[in-house]
Amino acid sequence: MSILFYMIFLAYLRGIQGNSMDQRRLPEDSLNSLIIKLIQADILKNKLSKQMVDLQENYQSTLPKAEAPREPERGEPAKSEFQPVTAVGPEWLRHHRRYNSPRVLLSDSTPLEPPPLYLVEDYVGNPSVANRTARRKRYAEHKSHRGEYSVCDSESLWVTDKSSAIDIRGHQVTVLGEIKTGNSPVKQYFYETRCKEARPVKNGCRGIDDKHWNSQCKTSQTYFRALTSYNNKLVGWRWIRIDTSCVCALSRKIGRT
């Protein structure tokens, strides 16, 4: 199509040149050479375009075909949220330490101290363990006396009897209490932090302007991995919610700006 256009255009130019008396005629060989060059340029352009298309098709054919993501079946947890467990033993516990977290502990004895890097000021210990008074006295020595106060008062302790929880998908799951690993069974302990009371002072959180704000201390939760079962089957690691902090919730009083 483009070659035909060139031919018509050149014929048009030649007709104009023939009607003009002031311009000299182009030699016949010059006009022919110009036509040949235009035709060669058009052929080369079409050839390059075809080569580019072939290269793109060859490249697409060499790429591996992407598999469509498989939708989880009904009742089947997602891979990123659930790791099944076939058998629990000392070797298994040693190979799955990467799932351990500071707030979830697998141990054959009740922990007596808070996890590393956690504050000891709000640790209340376990009332069922002996020598609790001595430990609390020892922890009290670490408290600061710089006149600093928290907006909310919290307390932390090891929960030894957690039986159920809500996982990251909103399902009610059963927390494995005792895990048999031979001669010494282990238990799961959860280091939880919660509010002592909703209103540490008369009007809510400490240090909040009660003329403009309503305030209340609330326990906040975070997801941690734990060994659980769903519908008495599918035992494995899941993300569950546990109490981890005490925060102050604010709402502006009506009519205040």
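Glycine too: its Cβ is placed from the backbone N, Cα and C atoms.
For Cys195, the disulfide partner recorded in Swiss-Prot among Cys205, Cys246 is Cys246. Neighbour counts of Cβ atoms within 10 Å were taken for the disulfide-bonded residues Cys152, Cys195, Cys205, Cys217; the minimum is at Cys195. Secondary structure at Cys248 (disulfide bond), taken from DSSP and collapsed to helix, strand or coil, is strand.
Nearest Cα neighbour of Cys248 (disulfide bond) among the listed disulfide-bonded residues (Cys152, Cys195, Cys217): Cys217.
Separation of the C-alpha atoms of Cys246 (disulfide bond) and Cys217 (disulfide bond): 7 Å, rounded to the nearest whole number.
Checking Cα-Cα distances from Cys205 (disulfide bond) against the disulfide-bonded residues (Cys152, Cys195, Cys217) with a 10 Å cut-off leaves Cys152, Cys217, in sequence order.
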